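Notes for the one structure printed next.
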Amino acid sequence: MAAVPPAAVTDALRTAVHRARAAAADLRWSEPERWHVTLAFLGPVPDERRADLDTRLARVARRHGPIAVETVGGGHFGDRVLWTAVRPGSAAVSGGALAGLATGVRRAAARAGAAAGADDRPLRAHLTLARVPDRSRRALGLLVELLRADVEPLPWTVDRLVLMSSVDGAPGTPPMYREQTSWPLTGTGR
């Protein structure tokens, strides 16, 4: 389950991370069409559970209105993942809106029997930019500094909830993500 940035944001971010990509070409850089904010991981969804899952996710989408966010700066998780943050936008009323959406999605998936496991960690909204091979870990600090300097706030609106599937690529390549369906965030209630 994901939130996907619009093309204008991915285009601007692609330009903003150019210097970091040039400085570390040996990282496994994610292609912009793969960028998304993961709200919840789901395991394989059996056909007999899919309709229930869709109904529950549609209900979650109706309970949440569009969410103003911005993509900015950079950081890393451990020494393996380089990312740019997705945080509440300057016009956001509540900083917890995206986390609330993620919680609703996780609960709906669990009730539909589609959760990949208990994930009660707080949401750390981000777009994964690159995976870092062992030989490149020393460069992480420099890359984060480049991202913090180059990735200025890029505002966007999370206006739909997206069910994505991942399809394994060739050995040594990242999975491909495909949109299965989506629901608009309408905030109209139940």
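Cβ from N, Cα, C; glycine included.
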Point to revise | Annotated range (TrEMBL: motif 'HXTX 2') out of 114-117, 126-129, 142-145, 146-149 | key: 126-129
Check your understanding: If you draw a 10 Å sphere on the Cβ of HIS126 (active site, proton acceptor), how many other Cβ atoms land inside?
Key -> 21
**Study point:** Structural state census, the compositional bias 'Polar residues' (179-190) (DSSP three-state)
**Key:** 0 helix, 6 strand, 6 coil
Study note, to complete from the structure: Counting only residues at least 6 beyond its ends, the same-chain positions whose CB falls under 8 A of a CB in the compositional bias 'Polar residues' (179-190) are 4, 54, 57-67, 101, 158-165
